[in-house]
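Here's the structure, in structure tokens; my notes come after.
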């Protein structure tokens, strides 16, 4: 009981609706955060090990970005150990304001990396579909590594002004009381983040996937027309269905991107409303924040369910672990 009282004294409980059930709400928050932290770390460690154990996955250039997202999401899970340990046992001696700022900055940077990687994946698939002959010359391992390095640098720089008092980087659902009461969002900083990160990434993804599926649909229609006019298997032998694997793989990546924006859209909307002082609700803040963070685990599930090569690598990894045990 002393541990629970210690939590309620030092930590902000966003879902609390009164003093009577504040302790129960804190326990509920703790359960949600501990569960998400465990799932994110375990899921992304599995993805990383599978990529190292399945050489076929490296045939896709997008594997560079998928692995980068997996490492970023893994670091999200590791970062979530801060509020997890804080809720389980308040870390006395830690400067609360600095902890809030560092944690909010790290989470924002890591999710910015994921968002930028999704945009780069869509561009990569767009080039693979529209320029299949020159794709290998355009997209090289060296250029991919440079692109990933630029993503990390850009993500670190764009949220850096929050350390100089210009708004909040975007972390809500505050665990520490200082984060909730003393660290306020700023409409100008929010607009800055939206214009330089959220909006460009969303525009690139919408543009590329629209054209990808448009081209694939046209290609499929042409193949069906030719089969109707010349009912033979020579078309398949000649490689007329060459875009089919690209289309299937694009669908896998489109599902990952769609789930990302579905889970992050409530958070972004609340971020904008709170920055404009239109809405301020602790319960919504907590729910939208941890709904968005849960995306770090959803990527693992979608990829394992949608990609047959990944499932094969996961099965081999499981067999190796079971045989060693």
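Cβ atoms here come from the backbone N, Cα and C positions, even for glycine.
For 43-303, the entry in TrEMBL reads domain 'G-protein coupled receptors family 1 profile'.
The annotation transmembrane segment is assigned in TrEMBL to 31-57 (among others).
The transmembrane segment annotation in TrEMBL covers 69-90 (among others).
Long-range contacts of the transmembrane segment (102-123) within the same chain, counting only residues at least 6 positions beyond its ends with a Cβ under 8 Å from a Cβ of the stretch, are 62, 65-66, 68-69, 72-73, 75-76, 79, 82-83, 147-148, 151-152, 154-156, 158-160, 162-163, 168-171, 179, 183, 197-198, 200-201, 204-205, 208-209, 212, 253, 256-257, 260, 264, 292-293, 295-296, 299. Residues or ranges marked as transmembrane segment by TrEMBL: 102-123 (among others).
As annotated by TrEMBL, transmembrane segment applies to 144-167 (among others).
Residues or ranges marked as transmembrane segment by TrEMBL: 187-212 (among others).
Annotation comment: TrEMBL describes 252-273 (among others) as transmembrane segment. A Cβ distance under 8 Å defines the sequence-distant neighbours of the transmembrane segment (252-273), meaning residues of its chain 6+ beyond its ends; these are 62, 111, 114-115, 118, 121-122, 125, 170, 172, 185, 190, 194, 198, 202, 205, 209, 213, 279, 284-285, 287-289, 291-292, 294-295, 298-299, 302-303, 306-307.
Residues annotated as transmembrane segment in TrEMBL: 285-306 (among others).
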